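Trainee: Could you have a look at this structure, given as structure tokens, before my questions?
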């Protein structure tokens with residue numbers, strides 16, 4: 001692109017001003033910025049950091065999608081939500097990370113108006129869908145642990161919920177897509193390494209009034225961060241209380257006491273994981289939202305705005321995007337079924353026959369399951385509704401309780417008939 005003159009032709013000088021006065025006025029009103037916002041070492045550091053989380057996001061979320069779609073036994077309600085979370089995080093990696101990195105490295109917007117609108121819309125929708133899916137996972141865990149005998153979600157209802165999530169994400173980001181536009185910054189130019197000047201273009205929300213942008217920022221903050229965070233914290237606190245209040249095995253044998261100690265340690269690990277999930281979401285997105293609110297509501301000087309846009313925003317965006325890269329680890333690796341599904345899928349592809357991998361991954365040996373379960377105390381229910389969260393939705397027989405992942409827990413202890421006051425419900429520790 002050819003450089004435009006930094007001064008207009010002589011015929012455009014306003015009447016009543018001589019040439020020297022105009023030259024002085026133009027020299028003081030024009031702003032020149034470097035084409036690259038950072039030095040080479042700083043830019044290399046940002047590029048390496050963004051490439052790292054991009055690769056983690058692509059590999060981790062692709063593996064989650066592969067495991068769920070490859071194994072029919074993994075297509076449970078919660079895993080459908082985790083699959084949707086992986087899809088939305090993949091969109092974050094594809095559409096958010098590269099454009100944000102480019103926008104943070106160079107001055108101005110290098111793409112056209114259509115890319116400006118579509119990039120903003122897809123970015124906002126993918127982030128919103130990711131956050132809304134985290135809430136859906138928390139609600140589903142809450143229903144299965146705190147209220148295990150209430151009617152469970154079916155796969156059809158889960159898919160409908162996912163469709164609603166994306167519809168809400170589209171609805172909340174429509175104002176941004178409408179107002180986003182590419183505008184040329186008057187009296188502001190970019191300079192390359194050879195001192196050639198280029199016009200500066202920006203992709204930003206052109207609201208009719210500045211106050212409307214402030215209101216929209218507050219709405220986004222409430223719907224994409226504050227309310228989801230409150231719901232996630234409330235749900236996980238209730239789950240943690242339920243786990244902590246659950247009694248151990250009723251038998252007083254030495255083996256039962258030892259199993260009770262192991263159960264307590266497993267409960268503690270589950271509670272720690274729930275705390276980690278809530279804290280990680282809070283800390284990942286809080287810096288970016290603080291900066292966005294400062295831009296709209298803080299009375300910042302030009303120097304402060306420049307420092308925030310050049311240094312603070314790239315770090316805040318990186319931290320928020322890291323959340324999408326770490327979700328497969330939090331919701332996938334810490335889930336026993338995902339670990340076994342991953343092993344089964346790759347053993348079947350690499351060297352094992354499919355039937356052997358399937359048998360190894362989904363073995364229902366009682367001693368293995370017993371070591372990985374958490375006992376939760378629940379009240380008996382007269383409804384006897386089976387769990388429809390998994391592939392097995394048949395009505396459980398006497399002495400058996402439905403689990404959220406479609407398995408059945410056998411109750412073979414004494415005094416566990418219909419007249420028993422409390423029934424222990426076993427739940428896989430990392431599947432909540």
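Just so you know, glycine gets a Cβ as well, placed from its N, Cα and C.
Checked Swiss-Prot, it gives:
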type     : residues : note
TOPO_DOM : 1-43     : topological domain 'Extracellular'
CARBOHYD : 10       : N-linked glycosylation site
CARBOHYD : 18       : N-linked glycosylation site
TRANSMEM : 44-64    : transmembrane segment
TOPO_DOM : 65-80    : topological domain 'Cytoplasmic'
TRANSMEM : 81-101   : transmembrane segment
TOPO_DOM : 102-117  : topological domain 'Extracellular'
CARBOHYD : 113      : N-linked glycosylation site
TRANSMEM : 118-138  : transmembrane segment
TOPO_DOM : 139-158  : topological domain 'Cytoplasmic'
TRANSMEM : 159-179  : transmembrane segment
TOPO_DOM : 180-214  : topological domain 'Extracellular'
CARBOHYD : 195      : N-linked glycosylation site
TRANSMEM : 215-235  : transmembrane segment
TOPO_DOM : 236-273  : topological domain 'Cytoplasmic'
TRANSMEM : 274-294  : transmembrane segment
TOPO_DOM : 295-309  : topological domain 'Extracellular'
TRANSMEM : 310-330  : transmembrane segment
TOPO_DOM : 331-432  : topological domain 'Cytoplasmic'
Trainee: Does the transmembrane segment (310-330) reach the transmembrane segment (44-64), going by 3 or more CB pairs under 8 Å (6 or more apart in sequence)?
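Mentor: By the criterion, they touch.
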Trainee: Quiz question: given the glycosylation sites 113, 195, which has the greatest number of C-beta atoms lying within 10 angstroms of its own C-beta?
Mentor: 113
Trainee: How would DSSP class residue 113 (N-linked glycosylation site) in three states?
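Mentor: DSSP call for residue 113 (N-linked glycosylation site): helix.
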Trainee: Determine how many residues of the topological domain 'Extracellular' (295-309) DSSP places in helix, in strand and in coil.
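Mentor: Summed over the topological domain 'Extracellular' (295-309), the classes give 11 helix, 0 strand, 4 coil.
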Trainee: Give the three-state DSSP assignment (helix, strand or coil) for residue 195 (N-linked glycosylation site).
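Mentor: The three-state answer is coil.
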Trainee: What is the number of residues in the topological domain 'Cytoplasmic' (65-80) that are helix, strand and coil, as DSSP sees it?
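Mentor: Final tally across the stretch: 13 helix, 0 strand, 3 coil.
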Trainee: Using DSSP, what's the helix, strand and coil tally for the topological domain 'Cytoplasmic' (139-158)?
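Mentor: Breakdown, helix to coil: 12 helix, 0 strand, 8 coil.
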